[in-house]
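Structure record follows, encoded as structure tokens.
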């Protein structure tokens with residue numbers, strides 16, 4: 001990989017072009033030559049941005065356009081966020097294997113490394129050169145005793161002239177695990193280049209490092225615990241951790257010092273310097289998210305109805321639902337994001353093959369078979385817990401049978417086709433019991449109609465027609481809002497004549513998720529049917545919540561319910577999922593392709609429990625009424641932000657005027673928001689020191705959303721970044737918050753630094 005390999009880049013619209021791909025010496029950056037407007041231009045990407053490496057022709061692009069290359073020569077790189085896949089083919093099987101295994105190993109290593117290990121991968125503690133050995137930077141004691149930086153400087157100084165160009169400075173920052181924004185790095189470089197020769201040397205470089213690494217608020221915090229000697233003993237670190245609300249023995253405090261301290265002599269004496277303290281607070285140990293919650297930590301043996309389940313609406317779409325494209329990659333992305341219930345709108349296709357698309361619109365069509373193959377390949381990459389296929393079926397009997405054959409052939413033993421042995425029919429099985437199983441949600445024939453000659457519509461005709469017309473009416477408005485509702489009559493004949501019937505082959509695959517019209521709360525509570533699922537538009541769900549909220553909570557304690565976005569939304573807009581979760585609805589389906597606060601809340605809801613897509617509902621939503629919730633006072637002191645992204649990189653003067661808003665999303669009485677004042681022209685290290693206070697009545701349902709925006713006095717404020725998490729997963733004390741972009745991608749190195757205090761009322 002360091003030597004470079006000739007790889008063919010397979011284009012999304014067909015065709016391929018050979019490029020030389022080479023791993024850089026930092027072990028993180030891959031460079032290749034691209035083309036921009038017919039001119040060759042170097043391009044690169046970071047291994048840290050790769051979500052997954054997929055062998056063979058498993059991407060949609062390689063399935064369609066990679067036939068010219070042998071299967072074992074092909075692989076795809078799927079990136080975090082919304083960046084498109086990179087589909088590649090090597091000259092030989094060995095080359096492909098080197099890149100697949102190499103990138104996978106580098107990704108794992110980056111993920112597992114501590115801050116200290118990332119520094120240790122460079123020869124920064126041996127062979128210190130004389131040129132950089134004299135450097136001493138002392139921002140409040142910060143780099144004075146850190147000999148490790150000298151070796152990093154020597155390695156970054158490629159031409160060994162004891163001067164640093166901007167490119168060499170950027171290389172140094174990577175070695176120090178400082179992912180500094182180019183705009184800020186360039187600005188700081190120019191301000192320190194007093195000689196004007198585009199090189200930093202001696203005192204110029206000292207000034208650069210001092211200004212780069214200085215965090216006055218952390219120096220002050222360190223000083224409060226370390227005293228005048230500016231060195232933190234294990235006992236003093238123990239005091240700090242106790243004030244953080246963490247149980248910590250002296251032995252654990254020493255272990256933290258050994259993990260995060262950079263100075264060998266200090267480490268040997270169980271002492272922590274300011275640099276080590278900063279490393280500790282910037283590591284996962286100083287994150288606002290409880291790190292125990294990054295693993296599956298909840299009881300997974302309760303019935304499915306006791307969990308919130310991450311769910312997607314119109315999963316196949318990559319953009320809006322009127323003219324956007326359908327793609328199997330949309331399923332891959334949703335499943336990798338932890339989604340456990342995906343939707344397939346199935347329609348009659350040519351050559352006897354059913355297709356998936358947003359019917360009667362300009363959205364493109366994809367084969368049902370290809371969707372099932374993609375789901376098979378990605379279903380359990382990120383979570384072992386069950387995946388539900390929510391079928392919206394518009395196919396005739398023949399193609400329904402084809403759908404059933406494809407699912408059985410492609411999914412094999414993973415497809416659940418029979419009730420679990422010994423399972424109580426009065427209760428749904430648990431996620432633990434259904435591990436690595438795929439469930440089908442759809443209509444089911446009564447048992448006596450399972451034979452082929454019994455093919456028929458399975459519900460009372462009037463009841464079924466009313467339910468289907470309501471959903472179809474919304475779909476029609478969704479697809480073509482300007483048409484009158486009479487267009488429903490025009491559209492219906494276009495689907496298969498027997499689409500309202502169910503084939504026995506497809507019916508046989510529906511076990512625990514039988515789709516039925518909602519019978520009404522009174523009947524449903526009198527005669528619960530745990531294996532039946534009803535779907536509600538957001539409008540109908542709100543109506544039920546308003547008129548009979550407590551009864552809906554009881555219904556959702558025994559049965560699954562699915563909520564989907566209302567029609568008339570050409571741009572695939574979402575609704576606020578929190579009000580549906582408050583009522584215990586499990587399958588709260590959102591358009592995953594549409595970024596916004598709604599998807600931020602969804603990501604926050606499913607952030608804990610190892611992001612496995614299942615989160616146990618609080619006891620008040622699945623158990624008999626017991627003790628009331630414990631009311632809390634939540635105080636959040638917003639202290640500083642670091643390296644906020646520049647919103648308009650084309651404008652040299654486009655520096656943000658940031659402010660921070662904290663939002664509480666929960667039961668109606670808890671919903672609140674407060675914000676700091678804005679800071680003029682400072683996105684590098686703004687400081688607020690403002691405390692925002694909230695009272696939370698039902699903390700177990702509350703989500704906390706931190707939002708940074710760019711203040712604008714004449715128009716709407718611009719979004720900068722956000723992070724959302726459940727209140728029960730939030731740690732107290734001094735914490736860093738790593739901000740995310742609109743589409744959920746990391747905005748590293750952008751962070752907030754806050755102090756959190758929670759007390760019972």
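A Cβ is built for glycine as well, from the same backbone N, Cα and C atoms used for every other residue.
A TrEMBL annotation is a machine prediction, not a hand-curated record.
What TrEMBL records for 460-475 is compositional bias 'Acidic residues'.
Look at TrEMBL and you will find 1-108 tagged as domain 'PH'. Averaged across the domain 'PH' (1-108), pLDDT for the predicted model comes to 88.
The domain 'EF-hand' annotation in TrEMBL covers 152-179.
Taken from TrEMBL, the feature domain 'PI-PLC Y-box' applies to 506-621. Across the domain 'PI-PLC Y-box' (506-621), DSSP helix (H, G, I), strand (E, B) and coil residues number 49 helix, 21 strand, 46 coil.
Marked as domain 'C2' by TrEMBL: 615-741.
Here TrEMBL flags 451-497 as region 'Disordered'.
With helix defined as DSSP H, G or I and strand as E or B, the domain 'PH' (1-108) counts 28 helix, 47 strand, 33 coil.
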